[in-house]
Amino acid sequence: MDTRTTDTGPLAYAITLVTVLAIGFAGFAVGSIFTLVAAALLGAFGIDVFGRPVLQIVVGVVTLQGLGFGSVALFYLSTRDEGFDLLMLSMPDLRDLIWIAAGLVSLFVVLIGVSLVQMTFGIESAEHGLQELGTQNPEILLVLVPLSILLVGPGEELLFRGVIQQLLRNRFGVAVGIAIASVIFAVAHVGSLTGEGLLPTLVTYVLLSVVLGVSYEYSENLVVPSVIHGLFNAIQFLILYWGTTTGNVPALLLI
């Protein structure tokens, strides 16, 4: 679907970049506000959200990826002349299922390939904060499986692919749009990473994000990257749960 904007002057490029960065920041800011409000409301009833790891994760995912990302994306779309037509969204068909399968396999191929390169050359990588929390509280991992599919995948893809990538590709073209959106997506995950090897890990995030961006662009259906994203994380949570309960803890790279 070719919807590239005809105005390609420097000012138009700059405005688009500032807009998508503001949208991304707003998603996290609004989500954080929702998290604090939810924690305060539950605290008023004697429920300590931050003292209960499972509840903290549930509230965090619901308020950030669900309410925060979702509300910012939907609000922005409601202010545009074309409204929700900016999104490429439809009921999935057989073609979409093929895209989902191909995209999911591609993500794991990229993840495994990068891991092999890092091991071969002794490159350290950062660790996702949920890995340590999950190994200490395995029950969290099982809760995160449905949350990844129902909220994390759809919420992040709506904001980063449906809005941010679409605005960028309309202004800069497909390849550059996907590339910039992927960098923004990677940087947005910095706060969830711990340890050394941040830069190599961010590069991996960019590559994984490109897979999601390509799947959205060419399937022309936001459902496709949303499902791919959710399943990718959910499968890793199940693997980590198995590893934690058997003593063979693998590394995670959640998106």
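Counting starts with 1 at the first residue shown.
Glycine residues also receive a Cβ, built from the backbone N, Cα and C atoms like all the rest.
Summarising the annotation, TrEMBL assigns domain 'CAAX prenyl protease 2/Lysostaphin resistance protein A-like' to 141-235. If you look up TrEMBL, you'll see 12-42, 54-77, 97-120, 140-160, 172-191, 197-215, 222-243 marked as transmembrane segment.
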Stretch among 54-77, 97-120, 140-160, 172-191, 197-215 sharing the most Cβ pairs under 8 Å with the transmembrane segment (12-42): 54-77
Leading stretch by Cβ pairs under 8 Å, where the reference is the transmembrane segment (140-160) and the options are 54-77, 97-120, 172-191, 197-215, 222-243: 222-243
Segment-segment contact (the transmembrane segment (172-191); the transmembrane segment (197-215)) at 3 or more Cβ pairs under 8 Å: yes
Per-region confidence, the domain 'CAAX prenyl protease 2/Lysostaphin resistance protein A-like' (141-235) (mean pLDDT, whole number): 96
Beyond the flanks of the transmembrane segment (54-77) by 6 or more, those residues with Cβ under 8 Å of it: 23, 26-35, 37-39, 42, 47, 83-84, 86-87, 130, 133, 137, 139-140, 143-144, 147, 151-152, 155-156, 158-159, 162-163
Secondary structure tally of the domain 'CAAX prenyl protease 2/Lysostaphin resistance protein A-like' (141-235) (DSSP, helix then strand then coil): 84 helix, 2 strand, 9 coil
Same-chain residues at least 6 beyond the ends of the transmembrane segment (197-215) whose Cβ lies under 8 Å from its Cβ atoms: 99-100, 102-103, 106-107, 110-111, 114, 118, 123-126, 157, 160-161, 165, 177-179, 181-183, 185-187, 189-190, 224-225, 228-229, 253, 255
